[in-house]
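Undergrad: First the structure, which I've put down as structure tokens, then a few questions once you've had a look.
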Amino acid sequence: METHISCLFPELLAMIFGYLDVRDKGRAAQVCTAWRDAAYHKSVWRGVEAKLHLRRANPSLFPSLQARGIRRVQILSLRRSLSYVIQGMANIESLNLSGCYNLTDNGLGHAFVQEIGSLRALNLSLCKQITDSSLGRIAQYLKGLEVLELGGCSNITNTGLLLIAWGLQRLKSLNLRSCRHLSDVGIGHLAGMTRSAAEGCLGLEQLTLQDCQKLTDLSLKHISRGLTGLRLLNLSFCGGISDAGLLHLSHMGSLRSLNLRSCDNISDTGIMHLAMGSLRLSGLDVSFCDKVGDQSLAYIAQGLDGLKSLSLCSCHISDDGINRMVRQMHGLRTLNIGQCVRITDKGLELIAEHLSQLTGIDLYGCTRITKRGLERITQLPCLKVLNLGLWQMTDSEKEARGDFSPLFTVRTRGSSRR
């Protein structure tokens, strides 16, 4: 009975090749004609993103991608016209142009001249020459878009958001990180507050507004009223929002992840608003909010006890706050308390006693912890990642680290030990 691999049906070969990484898929196709035919089966390339340097004409490039059913493309360098890509990939599903600094409104305008119904995701992050003009083209011809990444596109204004709100009603995820000109007016457009001009993107599930410095609590009011299906909201580094704005968010029952990292005006009062509402958060980040203290941990334990991930790095918390929190947070999986310099071994002992489901903990820069506290933490049954960062070990403690379980990663400055 023949047992050689060459006797396998092409369908079985294709299933095997599907487990290979992209480089090995290509190598397998070069072995023989039978393997080449099997390796070109569309199931082998399902979900693969082609990463391309567009430098010179290659007539076989796009027919080859289409033959394998590849519909996701990342352009690493763009020295040819973008229209070359669009014309070559008739059924393109995802186009990643992040970091293509030479892409202009003119180049994008020549590429998008008719409706592209198949395109679902477009990434223009750090395409710094893009302006509202390009968003007009996108809103007109890419009405099926579900994901739009505009992080670092610093020339976009509220007018661009009005165009998005007018044309992209199917949008589910929008990243506007560091779009410095955006204000409450633009967020109002997205949330459907100007229905006479645009319906809004009312189906949004993820919205990133990181480092949009002009936003105030009014934006949060717009979001709470219009974007009621939002599941993830990133407001990190938005210095213009305050505790009062969190009162608007506190009744968004669909919200699961809220990032308030480095929002300087957020205090214990804001956390109280969140905890007293009807939120069902699974992730909360208030790192570097230096007005957040032990009282916030009491509020979190009272009203946000369903959290799976909690980040409190550099917050003004102590062992007392840890004691208030851990007794109600038994489902917590990730706890980041790096640079919380008031935490001692007592806090770690409380964590080890009550948070048995923890898989990761960040203790970076916790200068008052010792070997005794670490030994308790490393006994957590589910722990996979322990970040010690800049914690200074004595020679004896470095030797003791060798006794830590090999089942999790110990990270210190410049190292990662498993």
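Including glycine, each Cβ sits where the backbone N, Cα and C put it.
Sharing the feature lines straight out of Swiss-Prot:
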| type | residues | note |
| --- | --- | --- |
| DOMAIN | 2-48 | domain 'F-box' |
| REGION | 2-48 | region 'Required for down-regulation of SNAI1' |
| REPEAT | 144-163 | repeat 'LRR 1' |
| REPEAT | 170-191 | repeat 'LRR 2' |
| REPEAT | 203-225 | repeat 'LRR 3' |
| REPEAT | 229-250 | repeat 'LRR 4' |
| REPEAT | 254-275 | repeat 'LRR 5' |
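I'd like these features described in context: how deep, what's nearby, how far apart.
TA: Through the fold, the repeat 'LRR 1' (144-163) approaches residues 94, 98, 116-132, 135-136, 138, 170-183, 185-187, 189-190, 194, 197-198, 208, 210 of its own chain, all at least 6 residues removed from its boundaries and within a Cβ separation under 8 Å.
Proximity of distant same-chain residues to the repeat 'LRR 2' (170-191), defined by a Cβ-Cβ separation under 8 Å and at least 6 residues beyond the stretch ends, is recorded for 125, 143-158, 160-162, 164, 197-198, 200-216, 218-219, 222-223, 225-227, 234.
Note on the repeat 'LRR 3' (203-225): residues 151, 169-184, 187-188, 190-191, 193, 231-242, 244-246, 248-249, 251-252, 259 of its chain, located 6 or more positions outside it, place their CB under 8 angstroms from a CB of the stretch.
Same-chain residues lying 6 or more positions outside the repeat 'LRR 4' (229-250) and placing a CB less than 8 Å from one of its CB atoms are 177, 202-217, 219-221, 223, 256-267, 269-271, 273-274, 276-279, 285.
With a cut-off of 8 Å between Cβ atoms, the residues of this chain six or more beyond the repeat 'LRR 5' (254-275) that come close are 210, 228-243, 245-247, 281-293, 295-296, 299-300, 302-304, 311.
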